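Asker: The structure's right below; bear with me while I get my questions together.
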Amino acid sequence: MHKSLVERDQSCIWHPFTAQTLAPPPLPVKRAKGTKIILEDGTEIIDAVSSWWVNIHGHGNEELAETLKQQALDLDHIIFAGFTHEPAVKLAEQLIPQLRGDLSRVFFSDNGSTANEIAIKMIIQYFYNKGIHTRKKVIAFEGAYHGDTFGALSMADRSPFSKPFEDYLFDVDFLPFPTEDNWEEVRTRMETLCQTEEYCAFIFEPLVQGASGMRMYKSEWLDELMGIAHNHGTLCIADEVMTGFYRTGELFATHHLKNNTPDIITMSKALTGGIMPLSLTICTNEIYNAYLTDDVLKTFFHGHSFTGNPLACAVASKSLEMLLSEERQAQIKNIVASHKAFKEKIKSTPFCKSVRQTGTILAIEYDSEKETSYFNSIKDELYKYFLSENVLLRPLGNVVYINTTYTITEEELEKVYAVIEKVFSKGISHVQNKISELT
Ligand SMILES: *Cc1c(COP(=O)(O)O)cnc(C)c1O
């Protein structure tokens, strides 16, 4: 008997963030082109979440594919200790002038979690190397997400996902997520914590907390909190893994700030246009200088097999070039403007509890009677409904968000808006017959 791809998958694959027995079987993908995911049976699904927030130039992009092929023929991979190569140096040289402040040393890894692990390790050892042993603690935001490895998980808010590991996570002090109502309280708390001079780092997702539901906050608040941190010698890590590369309308979310720049910025996801795994941890000279010593024990002993992979670096360079092109910049502006118009429209639908936008990210809260949580079944119902309409939208709890490729066509974007508007106008129970047909 010939087994289907899904049957074969089900007997040997373990999927990420997936309740293996509860989740419906995965959909078999044949190919992807532009903003479309094409299934084995020919069904075309609009990828409105850019494949977990990574894909910005569309799938199957010829320029990126060509760059990848050429690079693979020239130099595929090489050990990055004791050797260097053009793609890594070129990428660093391209990026550094785009950054604000003194961010000027690039360290490579291959995903957002490790980029953040490296950031906190760099800071911990920065103080160690300087002989300062009193700053051991970290400040993060409630609702934060910084990845799934232990250090990154420690700096993220405690959630049901991290429950089994709780005893193994290092302590972090969490600031309440800032809102109009609690801002004064948040600022005072930050002041109180930083005054102790016990904190080495303050880590945050600038302007938008992704995984906790595309929660947005004012750049002025972040600016002020970073100012407090800096006044008391606490270093700031901007986790731009999700917000980087124009998601917030600027190349980086921290570019919205007027007074402060981070001491470390981390980036991944859209860095390669979303087609190769790569991440960067970029620090200031001040941090780097603490490692410039003949004492070998003050070396930063960290690296991965694929550190500085030439294929990923070459693609990232090309992606950045394409991103800065007039064409892409115009597309980004169009998405921002379209979202703005749609926001006004969706606002008055009966099931819209609230709607918010930062740059190209639009988030709409579905008004369910049920409690808002990741396990809320409303999330699964909405997800299934959108798929039945051939649109991939993966709600976070009851928050439906669009975080799409910049090359999405006007027609595709209209389709995404239309299916969202339908469910927010009629309610999920009134569009559900479509779902039962599907399952
Ligand atoms: C996705 C994400 C990470 C983790 O990146 P991975 O590549 O999935 O390890 C870290 N921080 C933020 C803000 C993210 O959105």
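Cβ coordinates are placed from backbone N, Cα and C, and glycine is handled just like the others.
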Asker: Per TrEMBL, which of ASP47, ASP181, ASP239, ASP367 sits in the pyridoxal 5'-phosphate site along with GLY112, SER113, HIS304, SER305?
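Answerer: Checking ASP47, ASP181, ASP239, ASP367 against TrEMBL: the pyridoxal 5'-phosphate site match is ASP239.
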Asker: Please pick, from TRP52, TRP221, the residue that TrEMBL records in the substrate site together with TYR145, LYS269, GLY303, ARG394.
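Answerer: So, going by the record in TrEMBL, that would be TRP52.
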Asker: Out of the binding-site residues listed (TRP52, GLY303, ARG394), which are within 10 Å of GLY112 (pyridoxal 5'-phosphate binding site), Cα to Cα?
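Answerer: Cα within 10 Å of GLY112 (pyridoxal 5'-phosphate binding site): none.
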Asker: Please report how many Å separate the Cα atom of HIS304 (pyridoxal 5'-phosphate binding site) from that of LYS269 (substrate binding site), as a whole number.
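Answerer: Rounded to a whole number, the Cα-Cα distance is 18 Å.
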Asker: Could you check the binding-site residues TRP52, TYR145 and say which one's CB has the fewest neighbouring CB atoms inside 10 Å?
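Answerer: Among the binding-site residues TRP52, TYR145, the sparsest Cβ neighbourhood within 10 Å belongs to TRP52.
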Asker: Is HIS304 (pyridoxal 5'-phosphate binding site) helix, strand or coil when read with DSSP?
Answerer: coil
